Amino acid sequence: MLEKNLDKAIEKVLVSEEEIIEKSKELGEILTKEYEGKNPLVLGILRGSVPFLAELIKHIDCHLETDFMTVSSYHGGTKSSGEVKLILDVDTAVKGRDILIVEDIIDTGRTLKYLKELLEHRGANVKIVTLLDKPEGRIVEIKPDYSGFTIPNEFVVGFGLDYEENYRNLPYVGVLKPEVYNK
């Protein structure tokens, strides 16, 4: 049974809604300069990146296109399965394009490393922007080109991040209480 008030499942707020909006504005200004005159393909990684992508592109003041991919290394639970699966490929031709991958979080790095290598192999110039970077969780070597917040190695939900498909709609990023997932 789901709780009626999602906030009750949160141990603490790591990044507030106001901080996310402010950081999205800052990143948008940087990305506007980076991609001025280039018409980048802003590639959201479904499903978690949707809130961040929606907030971020409002602050990028240049022509851009958007598309989406679904790649997963989580199959429920709180730990990565280690296996990266391409579930939905990009519809747009990527050869010769500037691509900005938008991700909600970089944890183990497996998903982003896989995606970056796949798109570069297809002839794209790829950069990565992530709302959250969790370097303590890294298993493979990959660094985002642009990052909103560096966070500790805790299981977080909200602003697109989920636990068993719940909590994505929280307007902030918070640490989920262990009793929620240690049942």
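Placement of Cβ uses the backbone N, Cα and C atoms for every residue, glycine included.
Record features (Swiss-Prot):
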type	residues	note
BINDING	Arg47, Gly48, Arg168	diphosphate binding site
BINDING	Glu103, Asp104	Mg(2+) binding site
ACT_SITE	Asp107	active site, proton acceptor
BINDING	Lys134, Phe155, Val156, Asp162	GMP binding site
Margin query: Here's one to test understanding: among the binding-site residues Arg47, Gly48, Val156, Arg168, whose C-alpha is closest in space to the C-alpha of the residue listed as 'active site, proton acceptor'?
Written below: Val156
Notebook entry, point to check: How many angstrom lie between the most widely spaced Cα atoms of the GMP binders Lys134, Phe155, Val156, Asp162?
Noted result: 16
Notebook entry, point to check: What is the interatomic distance between the Cα atoms of Arg47 (diphosphate binding site) and Asp104 (Mg(2+) binding site), given in whole Å?
Noted result: 9
Item checked: Separation of alpha carbons, Asp104 (Mg(2+) binding site) and Lys134 (GMP binding site) (Å) -> 11
Notebook entry, point to check: Which value in Å gives the longest Cα to Cα span across the diphosphate site residues Arg47, Gly48, Arg168 as recorded?
Noted result: 9
Check: Which residues in the same chain, at least 6 apart in sequence, have a Cβ under 8 Å from the Cβ of Asp104 (Mg(2+) binding site)?
Finding: Ile45, Gly48, Ser49, Pro51, Phe52, Thr130, Leu131, Leu132, Phe159, Gly160, Leu161
